[in-house]
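Per Swiss-Prot, these features apply:
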- 10, 16, 95, 120, 121, 122, 249, 252, 255: UDP binding site (BINDING)
- 10, 16, 95, 104, 120, 121, 122, 158, 159, 185, 188, 189, 252, 255: UDP-alpha-D-glucose binding site (BINDING)
- 104: site 'Important for catalytic activity' (SITE)
- 120, 122, 249: Mn(2+) binding site (BINDING)
- 230: O-linked glycosylation site (CARBOHYD)
- 232: O-linked glycosylation site (CARBOHYD)
- 331-357: region 'Disordered' (REGION)
- 341-351: compositional bias 'Basic and acidic residues' (COMPBIAS)
- 367: O-linked glycosylation site (CARBOHYD)
């Protein structure tokens, strides 16, 4: 029987918007040619404050056109205390923004789905074979998390690609554990390993209070090949397994959309940029990004600068309907078993009688058509 599967990513900073959009676009392309038995829903989890305060209407319209469901998430209980408690370990990574990745603990609350496949916004699936991941472990339980070993410490898993079974009891246990425990790395990867991975939890009595059944299922590395891997990468292995790589994960501070130097002239970085250009071209956005690293990868600047919002750029167009977008956020009706989750999430979907010039009908309208109607080609 077909499962209801959510393929999710998390947006906790507008800096990752280019990654989230490109990821969604790539997933849509690949799903068109993949043989998938499950019912797939592309979801974006986004922090409530970020969604309400930092995105403009046209940016939201583009997000809505690429994701079937936008799930507005609240901060975790005592999240600020957890961030402060983990500050020292997080400083070792020199990545303070990763404190917000603790929000991934909300994934287990998505009980309207049978299974959740989580992908970081800085990942890029390469081919339709990537979706075979959904068939690898048909008997996965709520106590198991499937993930790829981390290249920096293979006894731990990398949280850029996660396969899990949503469960409210598990969500509560994980979030309680998160509040009480200092993460190995100050972020989600450490705490998830300490919760699910017995190797990382030497306090057995703490682990057993949750469940003795906790298990990390090791996925093949080809489902989450991290780059750059200076000092780690095995060139012979990359050459041997190249045709079998399913997904690339651009780890570290600099992303394909944030830097353009010869140091990052790798094939996979170029592939990501090519995919981004394709997205903007098909959405008729290319003309609006001629001076930005966000859309014009050939810029001579080496470092990413915060671009003007999409609204500012799109308002330079001649179409009046580019200037006004009415967005009504409503809650999706859920059955009784999902009401407890609904209290924690606001699910955005189109209203039955949209007031804007754009109509988003996921079931009957091709996603590309929706994008092109939301962002019509500028008059020349």
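Keep in mind that glycine also has a Cβ here, set from the backbone N, Cα and C atoms.
Fair warning: this is a prediction, and the values are worked out from it, not measured in the lab.
Swiss-Prot feature annotations superimposed on the structure.
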| residue | record | Cβ contacts under 8 Å, 6 or more apart |
| --- | --- | --- |
| 10 | UDP binding site | 44, 45, 46, 101, 103, 104, 118, 120, 121 |
| 122 | UDP-alpha-D-glucose binding site | 16, 19, 160, 249, 250, 251, 255, 256 |
| 159 | UDP-alpha-D-glucose binding site | 101, 104, 118, 120, 147, 188, 189, 192 |
| 252 | UDP-alpha-D-glucose binding site | 228 |
Surrounding the recorded Mn(2+) site, with Cβ no more than 8 Å from the Cβ centroid of 120, 122, 249 and those residues left out, we find 19, 119, 121, 123, 160, 226, 250, 251
Mapped onto three states, the DSSP assignment of residue 121 (UDP binding site) reads coil
CB neighbours within 10 A of residue 120 (UDP-alpha-D-glucose binding site), counting all protein chains shown, number 24
DSSP says residue 252 (UDP-alpha-D-glucose binding site), in three-state terms, is coil
Cβ neighbour count within 10 Å, max among the recorded positions 104, 249, 255, goes to 104
If you count the other CB atoms within 10 A of the CB of residue 188 (UDP-alpha-D-glucose binding site), including all protein chains displayed, you should get 24
Simplified to three states, DSSP reports residue 188 (UDP-alpha-D-glucose binding site) as helix
